[in-house]
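Here TrEMBL flags 6-32, 44-64, 84-103, 124-144, 171-190, 211-235, 247-267 as transmembrane segment.
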Amino acid sequence: MSASSIYVLVSIIYGFPSVLLYIFSFFVVINFRKSFDSSFFNLYIYDGLFNLFTYFNGFVFLRLSSITCDTCFFASFFKNTNGIILNFVVAMMGHMAYVQYGATVLISSNRLSVLLKYNVWREYTWVLVILVYFLPFLDTYRYFVHTAGMKYYEETEGYTPISSVPINDSFAYLIPFMIISTICSVALNITSLLFVRQVKLRKKNRLESNFLIIMSITCTAQLFGMILSVSRVILAETKVANTLAQILPFVSDGLTLVQPWLLVVFCHSVRDKMMMTLGLKKSIVQAASSQILKARSITT
């Protein structure tokens, strides 16, 4: 089995369960929206949709294409993917990095503003999400005016999407943005954590603390990804760059797919609602009804 095939297999092993958990968490949050009616969960859904798109875009056009030989079943699909569609696919590979890092800053800002009682998110969340997605086109529009193609490599027996945009130009604005956004996210989360330590830990504040833990872990993954990305650009002409290029997709997947797992681990209410949905735990109403029925059976 080739190294590319192993990478794809590993990606499937951790990726598809994460995708299913993401979709299940969306269902639970929406189904129990009265319990999760907050800006954090609204942003979680928006961010999750972006992350799922990022994962599948990379899985199909980077991983699956890399193990598709010239006579394989999907070969015709990759051969015939061209024009504006392929330009969009290639553009999204850099574009969604902007979106992911921008979304982390947005959610970090949300947590701090809620702690400080400046909660204006209900009215403007959708506006901010739209801005986070569309503003990166100020840079990534270039991919639509350049040519893109699926190149087949005989030595690896796989397809790779390529663009006429020079590799150095691809990172000219992205790397500075990653550095600045990571610094902002870390600063916002440190400020929030310091604030939470100073307030009395009531139930609501414990919940906020758990949200901050989720964001802190996400920021750590983001920081690691930023360091690797910067290192790859700086060491572009060295052998280390090839190693970093193999590691980066997994780091990107970590940043993309870690959120639903963190939500399950650190958010007790989400975990309970998931168990209730699966029939593994009774709701308060069901538990009360069961107790009433037991009491009646004893007294009759």
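Cβ from N, Cα, C; glycine included.
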- Are there at least 3 C-beta pairs under 8 angstroms linking the transmembrane segment (247-267) and the transmembrane segment (44-64), leaving out pairs fewer than 6 apart in sequence? yes
- Are there residues at least 6 beyond the ends of the transmembrane segment (247-267) whose Cβ is under 8 Å from a Cβ of it, and what are they? 7, 10-11, 14-15, 18-19, 21-22, 24-25, 44, 47-48, 51, 54-55, 58, 62-63, 97, 100, 207, 210-211, 213-214, 217-218, 221-222, 224-225, 228-229, 232, 274
